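> Supplied in structure tokens, the structure appears directly below.
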Amino acid sequence: MDASASPLELFQAWLDEARKACPDNPDAIALATADATGTPDVRYVLLKRISAEGLEFFTNRASSKGRQLEARPHAALAAYWRELGRQVRARGPVDELPRERVAEYFATRRRPSQLGAWASKQSAELAAAEELRERLAALEKKFAGQDVPPPEHWTGYRMQPLEIEFWQEGDARLHERVLYSRIEAGAAWTTRRLQP
Ligand SMILES: Cc1cc2nc3c(=O)[nH]c(=O)nc-3n(C[C@H](O)[C@H](O)[C@H](O)COP(=O)(O)O)c2cc1C
Ligand SMILES: Cc1ncc(COP(=O)(O)O)c(C=O)c1O
């Protein structure tokens, strides 16, 4: 493992390799948040961008995860690529992306997904499946012949990791682990190798 690259660059390099080697959702990450009582929660989301500023994902602000991030703006995430025997983990504070970036990403989504974002009150109870279908049909009419803008409740978040660990599967469970950590966003990274 090349532990000299910056961890965000290394994460990007591993994701690029995963896109070639892993057929199923190579950009899926398990995202853990905690609610106001400190009880953890976890679900998969898609990691949409890795940059020097952090790790971006998009969702509904009113969803369970959105409310949890509002109460406790910190998260942990993990990616696993079976074909490469690799795992990446990260932890850090999370903030909401600027509206321009949300609109920029939303514009790249397929139209049905854009309309779905309007139709779904994500994580609220669904009384009947027809409710969603009816809402979608009404939205198709409403936005016919127009671009679909992002709904106000749809947003993106950025984690600025303070810890990133790279794990490469080894023989006899003697895996290689490298942990990068920093005191705060923008500070220098320190690197440690960990026992498997
Ligand atoms: C592979 C995969 C990728 C997903 N990506 C997203 C995503 O990027 N954004 C999102 O809101 N939900 C995504 N989901 C759905 C979430 O896992 C989850 O069901 C939803 O966001 C509601 O989570 P919450 O109730 O904890 O807020 C994805 C699910 C899977 C299985
Ligand atoms: C509800 C929801 N939002 C967002 C995403 C991922 O983002 P996109 O649809 O923009 O690829 C998924 C992917 O499964 C999803 O289920």
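Cβ coordinates come from backbone N, Cα and C, glycine included.
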> Report the candidate from R111, R133, R177 that shares the FMN site with R43, Y44, V45, L46, L47, K48, F58, T59, K65, Q87, Q122, S123, W167, as recorded in TrEMBL.
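The one candidate that TrEMBL places in that FMN site: R177.
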> Measure from the CA atom of R173 (substrate binding site) to the CA atom of V45 (FMN binding site) and give the result in Å, rounded to a whole number.
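About 28 Å separates the two Cα atoms.
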> Quick check: of the binding-site residues listed here (R43, L47, F58, K65), which one has the Cα closest to that of R109 (substrate binding site)?
F58
> Could you give the residue numbers and ranges of same-chain residues that sit at least 6 residues beyond the domain 'Pyridoxine 5'-phosphate oxidase dimerisation C-terminal' (154-196) on either side and whose C-beta is under 8 angstroms from one of its C-beta atoms?
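Cβ under 8 Å, 6 or more out: 1, 3, 6-8, 10-11, 14, 48, 53-61, 66, 69, 75, 77, 85-97, 101-102, 105-106, 117.
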